[in-house]
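Reading through the structure tokens given below for one structure.
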Amino acid sequence: MAQAAGLPQASTASGQPYVSKLVLLGSSSVGKTSLALRYMKQDFSNVLPTVGCAFFTKVLDLGSSSLKLEIWDTAGQEKYQSVCHLYFRGANAALLVYDITRKDSFHKAQQWLEDLEKEFQPGEVVVMLVGNKTDLGEEREVTFQEGKEFAESKSLLFMETSAKLNYQVSEIFNTVAQELLQRAGDTGSSRPQEGEAVALNQEPPIRQRQCCAR
């Protein structure tokens, strides 16, 4: 049965940021944790596969409003897939991450989308398809056009990135955050509660059509 995620939640106290939950989904070793660590700590290193789920929090300051982003990094191994579905609950956004050098991971991202579609009503969740590891372009198995066309066919946001080179990592999370705030509506200035504040004073990258149709 589909569950209602609703819009990002705003605190009842005046001036508090919206709170949104974002889940990272994808096969093992596609770079979900690397993307999260690069975004949160500007750090890149070889990491062990995630067991269960890792959790990060960051407050994004847009000047007139702010958003507290709760980032849930889920395990990609098949044996954890049923557990990962538990982390869908209450999600407002999802990154479907694949490795551009592994066609199978692209297909797996499509399966994760099917799982999301079973859990949520259309338009309830902001979804971005993310092709990681553009630094390994010579080993590419999934073309940019393939990713773009699939995203367009499903009304998803789409970007390619490299956690290793820090290419478009911030843009991915910031674009999703801006989409979440747009949906929630700008209700005036907000004050971050906790976490690291990051200014989003740049124009978002060109995006595909609205993800998970409105």
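Every residue gets a Cβ built from N, Cα and C, even glycine.
A quick note: this is a predicted structure, and the numbers were derived from the prediction, not measured.
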Range annotated as motif 'Switch 2' - as stated in Swiss-Prot, picked from 24-40, 75-91, 160-176: 75-91
Candidates Ser29, Thr33: member of the recorded positions with the richest Cβ shell (10 Å): Thr33
Local Cβ density at Gly31 (GTP binding site) - other Cβ atoms counted within 10 Å: 26
Coarse DSSP state, helix versus strand versus coil, of Ser29 (phosphoserine): coil
Nearest-integer angstrom distance between the alpha carbons (Cα) of Gly31 (GTP binding site) and Asp73 (Mg(2+) binding site): 10
Pairwise Cα distance for Asp73 (Mg(2+) binding site)/Thr33 (GTP binding site) [Å, integer]: 6
Cα distance (Å, whole number) from Ala163 (GTP binding site) to Ser29 (phosphoserine): 12
